[in-house]
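Trainee: Following this message is one structure expressed as structure tokens.
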Amino acid sequence: VIGQPAKSKRPKEPGENKIKPVNKRVKPKTPKMKERESVDSSSLKPQSILTQVMDKGHFQKLAATLSLAAGQNIELRCKGSNVTWNYPSYLDTFKDSRLSIKQLDRYSQLILANSTAADTGEYSCWLQLCNGNKCRKDETKTGSTYIFFTDKEELFVPTPSYFEIVYLNPDKPAVIPCRVTTPSAKVTLHREFPAEEIETDGTDIIYDAKKGFVFHHPSSDHKGIVYCKAEAQGAPQISIKYHLLYVEVPKGPPSATIAVSSSGAGLRDRVHVVCTVLGEPDVDVNFRWQYPGQESGRPVIIQNFWRLINRGIGHTTRISKSVLLVEDFEDIDVGNYVCIAQNLQGETTVATKVEL
């Protein structure tokens with residue numbers, strides 16, 4: 001039978017199939033290892049530099065989310081000699097003494113003591129690469145985790161206010177930020193009037209425990225007052241209320257107009273020049289003025305203010321005004337009054353003339 005003689009070979013002795021020294025000298029795999037290392041370094045694959053300090057000096061790499069009971073202390077470390085941290089902004093706003101950050105030789109340490117439900121949020125760090133005074137983020141040396149500080153008494157992450165405005169802009173998603181402290185909580189969205197639950201279809205409206213309810217395609221139909229309800233092994237809890245205002249103002253430089261109380265002023269008159277801008281509710285407008293007596297140091301009074309107005313069918317607009325007041329009008333005040341209104345999209349210049 002073909003192949004039969006092979007079976008009659010003696011069994012190999014232990015150790016006989018080991019690689020012989022002569023084969024080791026060839027080192028056929030060495031070039032492949034070097035090649036792989038060079039590929040990895042050139043591809044700049046991000047490395048997580050964030051760890052959590054556990055008991056007895058143990059360290060744990062952090063996943064995308066972490067759930068801890070409120071009241072615990074937590075210590076995070078980021079490898080590197082020049083580390084920048086990001087954490088829930090209110091900890092800075094209130095200069096919370098429970099938060100401590102120290103930069104040591106080889107790592108940076110973040111300690112949060114006596115955690116609360118309000119501390120729920122994203123904690124991240126990255127290495128800074130500096131050349132002189134210029135620094136940039138090293139995209140290959142970063143770390144991030146979202147920490148839920150669970151509290152049965154506080155299913156929603158507490159906020160400093162009891163009422164918030166959310167702008168519904170047709171060209172970008174809107175977020176109702178009712179975040180939870182317990183990721184497993186069941187959360188629903190409700191309209192106050194008429195009283196009804198708003199269906200989340202998972203496409204146009206979704207719920208994200210880290211963000212809240214996200215409206216991907218806001219419309220005027222969504223405007224009104226809403227709130228969130230959460231349930232997690234106990235009595236349901238209600239969030240603060242959110243006033244959804246629909247915005248329909250085209251993006252671009254400010255749409256500015258200028259008006260004067262009197263184009264023909266008399267001596268010692270009080271003259272008002274008003275610059276008005278209609279724009280998006282959440283876009284700030286900055287004003288600058290040029291006027292006849294400016295170079296000679298002629299004193300004027302300038303006041304800026306803004307308010308929200310409804311322009312029918314639930315559309316909301318921000319009206320921003322800058323008022324320049326000249327008291328005791330004189331010859332030096334005769335001439336052109338120029339208003340420059342600026343936002344993130346650009347600037348608009350308007351002018352009017354005042355004569356004696």
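Residue numbering: from 1, along the chain as shown.
Note that Cβ sites are derived from N, Cα and C of the backbone, with glycine treated the same way.
TrEMBL: automatically predicted annotations, no manual curation.
Heads up, here are the entries from TrEMBL:
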REGION    1-44  region 'Disordered'
COMPBIAS  21-31  compositional bias 'Basic residues'
DOMAIN    46-125  domain 'Ig-like'
DOMAIN    254-356  domain 'Ig-like'
Trainee: If you run through the domain 'Ig-like' (254-356) with DSSP, how many residues end up as helix, strand and coil?
Mentor: 3 helix, 62 strand, 38 coil
Trainee: Counting each residue once, how many in the domain 'Ig-like' (46-125) are helix, strand and coil under DSSP?
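Mentor: DSSP composition of the domain 'Ig-like' (46-125): 10 helix, 40 strand, 30 coil.
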